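Reviewing the structure listed below.
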Amino acid sequence: MAYQDILDGIYNEVIQIENTGKVADYIPELAKVDANKFGIALVDKHQNVFTKGDALEKFSIQSISKVITTSLIFSKIGNDLWERVGYEPSGNSFNSLVQLENENGIPRNPFINAGALVIADLMLDHFENPKKFLLDFVRDLTENPNINYNENVAQSEKAFGYRNAALVNFIKSFGNIKNEPEAVLDFYYHQCSIEMTCVDLAKCFQVFSNNGVIPKSDKKFLSTSKCKRMNALMQMCGFYDQAGEFTFKVGLPGKSGVGGGVVAVFPNHYTVAVWSPKLNKKGNSFYGLETLERLTTETSLSIF
Ligand code: GLN
């Protein structure tokens, strides 16, 4: 497949579409980013890397980090995880509180904020130094020792994180958060502040397109069954209340973040990451979705 020609063509098409999205500004530090950045990176199953545009510039991965923390906890505790968090699509926005009361503080899935906070709580329980562990793991997956937290972004989110504070306290009132809310939030804001380039991100998700094996070390991180389930979660829950539309138009498991990143996985074929900070009304990158829809349509390479 002539991936480079395909990326070049799609980039040139998408950049001409009027971008009606808006940069996230509820985390003030994120609003400082250049809204017109646009990068794409695709890594094929032989680890060949194809790039276009701003694919080597770092951005805040935000909610994309939820896939990584969930996979770490899933690999550690297996199906016990599903006693703390569900695996159904939520049909609600990423930071919604509405389902939690009826569902007794068990979040619908690990990719809405409520679920990611429960996963953050589990990270504190299962790893001695969870921040260091997460960073080391991400450095391994990306093959990039320079991946880091962005302390300014973490602190900026903490300063205005009233909704996440409400979520974690509410869940704790049901007994589904074990640690102190402050500690859970601190970990959560740091995981969201991790910075990667499109190339890092596409490499990071290779493990999910490679049956749970980390390509570089050949280490089996997730069993085939667990890897299948991580991809199923991304398919059903990766784009919140736009997960249906993403499946309909793109047809791949994937995950978005409010930093404007989107990553998608075609098992046994490729991973692809797009970054463009302007978000649609559902909090997903406007150009990111346009790009991926074109990619799977023009290559006929999607899981459906
Ligand atoms: N850190 C962000 C928040 O909690 C992550 C949201 C996202 O990327 N969708 O609001």
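A Cβ is built for glycine as well, from the same backbone N, Cα and C atoms used for every other residue.
Where the annotation comes from TrEMBL, it is an automatic prediction and has not been curated.
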Among N12, N109, N113 - the residue TrEMBL places in the same substrate site as S63, E157, N164, Y188, Y240, V258: N113
Contacting binding-site residues, sequence order - N113, N164, Y188, Y240 vs ligand 1, Cβ under 6 Å: N113, N164
